[in-house]
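The site 'Important for tRNA non-discrimination' annotation in Swiss-Prot covers HIS33 and rests on sequence analysis. Per Swiss-Prot, the feature L-aspartate binding site maps to GLU187, ARG233, HIS463, ARG504. The region 'Aspartate' annotation in Swiss-Prot covers 211-214. As annotated by Swiss-Prot, ATP binding site applies to ARG233, ASP234, GLU235, GLU497, GLY549, VAL550, ASP551, ARG552.
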Amino acid sequence: MNCYKTHECNELRKNDVEKEVTLSGWLYRKRDHGNLIFVDLRDFHGITQLVFNNDKDFFDEISNLKSESVITVTGIVKARTEDTVNSSISTGEIEVIVSNLQVESEVEFHCDEEIAKEERSILASIAGEQEYPENMRFKYRFLDLRREKVRNNIILRSQIISELRRLMIEQGFLDIQTPILTASSPEGARDYLVPSRLNPGKFYALPQAPQIFKQLLMVSGFDKYFQIAPCFRDEDARADRSPGEFYQLDLEMSFVTQEDIFQVIESTLYKVFAKFSRKSVDKDFPRITYKEAMLKYGSDKPDLRNPLLISDVTEIFRDSEFNIFKSNIERGMVVRAIPAPKTAEEPRSFFDKKIEHAQKEFGAKGLGYITFDKDGIAKGPIAKFLDDNRLNSIKEITNVKPGDSVFFASDKENEAATIAGKVRTLLGSELGLIDDDIFKFCWIIDFPYFVYDDKSKKIDFFHNPFSMPHGGLKDLEEKDPLDILAYQYDLVCNGIELSSGAIRNNKLNIMYRAFAIAGYSKEEVDTKFGALVRAFRFGAPPHGGIAPGVDRMVMLLADEPNIREVICFPMNQQGEDVLMGAPSKVDDKHLRELSLKVVE
């Protein structure tokens, strides 16, 4: 191939025996047998075993060479003896007897012994797959990426993105790039701002999403747009959210309904998940209204692998003798029931721990419970306050059987739903009810258009302000704002929100009215969203879109619990790039050029 290699380190086979070959790569493992030294040479593609004889003048050099140094070797391919064949690597039937060694780059540890100790330990993890603190891994990410598991995650990411692009182009979408330096947008998170040198006191914003631009493309006459879009949001890190930067399969279509968008996404993601995972993929993408999701699952991100369903049992406890719930109901609260199959025989500590966990971790004031023994007899602290009719109604509504239990959460409707949802998740996990070998998708639809913000004491948009309300202008003018639904939808997989989307509002009179309900004047809308307003005055087609998160898709397909494991150069949980030392201070000269001053 060239002076560095005739073959990759995964290529040589028995039919290459007696050939002279040249290989290059990293010294992965070294085994000293006195007169012989065996080296596993690793490149991007695989591993080949090298043999160094002590009669060569470079024997001492290879003997003293540190692991992960880069070398080029020339030698003769030999067949291994039957008892030394390594079936775990593709080149395991051969080895290369080295006749020439060239050291391309030797590992050198830092002169400071403490730093050198850190470097030795992280270097050793490449072969051993030993885990190290996240900050150390990210500081030496160039070494961390040499580990097989980490490298495979990045390869998988590349393959998934390539497949997404292929499938979108196959369906007639155009890959169009939108600006990175732009104006602040209303997605809801904090912006990353970039000062303008040529316009002192003014700032660009890095896009939280290409929302406005992709809508402008539809107004421009393009009917199918997509890109693997970089998005920037100043948010705190979570297991499923990387701080700072993330990527999404951003798409928009014109002259479409909600179902048209669903069909594109279902076809695309089913193919991607089926291709890149050994897990089964459920072809069914059920539609679940937001209201139903909050009632049955206690979350707008339900994990459908969990078979437990929450029930509303408020009416059963109304006017009952259980005064805690009775009093709550009289004050406008609700009661939700969560079944716990085959737990009636569990010790009291099982139930006490769930109650304590709900109080400490979920903010619950407490949980009630009833157990039904093998004969179906109700027991527990609540049972004695309920007559047989009420107990039978609980059994019927929650579908519990003899030997099962039921937990109860009572609070304001939203709080009770959230607590019940978290208890459902906890029970599903602890009772082993979740099938880890399947992907289950669902659509959450019919979100509220508006929400009442208790802090600001005013009505605000629940999600995307640019979505079309059900009923259009008529509903905005005649309905209670909190009863209006939106053509907004989320795609969820195994309890992880993959994306949000909407059918857009393409009519200015509806847009002005919607923003007016949220407290914005026409002048404010014109100022804040001038480009979109101008465009909509010149014929805007019905359009809609969605943007599944690429990082989250890869996280699910790689079966990783943390999204940072599938990002090549991630930030840590504090939003720091410890490899490059960002964020960093800027010198005064640079600040003056930008008309900025740091206030301590």
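For all residues, glycine too, the Cβ spot is worked out from N, Cα and C.
Keep in mind that this is a model prediction, so the values were computed, not measured.
What Swiss-Prot annotates, mapped onto the structure for a quick look.
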{"residue": "HIS33", "record": "site 'Important for tRNA non-discrimination'", "DSSP class": "coil"}
{"residue": "ARG233", "record": "L-aspartate binding site", "DSSP class": "strand"}
{"residue": "HIS463", "record": "L-aspartate binding site", "DSSP class": "coil"}
{"residue": "GLU497", "record": "ATP binding site", "DSSP class": "strand"}
{"residue": "ARG504", "record": "L-aspartate binding site", "DSSP class": "strand"}
{"residue": "GLY549", "record": "ATP binding site", "DSSP class": "strand"}
The one of ARG233, ARG504 whose CB sees the fewest other CB atoms within 10 Å, among these binding-site residues:
ARG233
Compare the Cα of VAL550 (ATP binding site) against each of the recorded positions HIS33, ARG233, HIS463, ARG504 and report the nearest.
ARG233
List the Cα distance (Å, whole number) between HIS463 (L-aspartate binding site) and GLU497 (ATP binding site).
14
Taking only the recorded positions HIS33, GLU497, GLY549, ARG552, which one has a CA atom nearest to the CA atom of ARG233 (L-aspartate binding site)?
GLY549
Mind checking which of ASP234, GLU497, ASP551 has the fewest other CB atoms within 10 A of its CB? They're the binding-site residues.
ASP234
For the region 'Aspartate' (211-214), what's the model's average pLDDT?
95
Can you tell me how the residues of the region 'Aspartate' (211-214) break down into helix, strand and coil by DSSP?
4 helix, 0 strand, 0 coil
Fewest other Cβ atoms within 10 Å: which of the recorded positions HIS33, HIS463, ARG552 wins that one? Let me know.
HIS33
Do you know offhand how many angstrom separate GLU497 (ATP binding site) and ARG504 (L-aspartate binding site) by C-alpha?
20
Sequence gap of 6 or more, C-beta under 8 Å: which same-chain residues meet both conditions with respect to GLU235 (ATP binding site)?
ALA189, ARG190, ARG241, PRO243
Take the C-alpha atoms of ARG504 (L-aspartate binding site) and GLY549 (ATP binding site) and report the distance between them in angstrom, rounded.
20
How long is the line from the C-alpha of ASP551 (ATP binding site) to the C-alpha of HIS33 (site 'Important for tRNA non-discrimination'), rounded to the nearest angstrom?
46
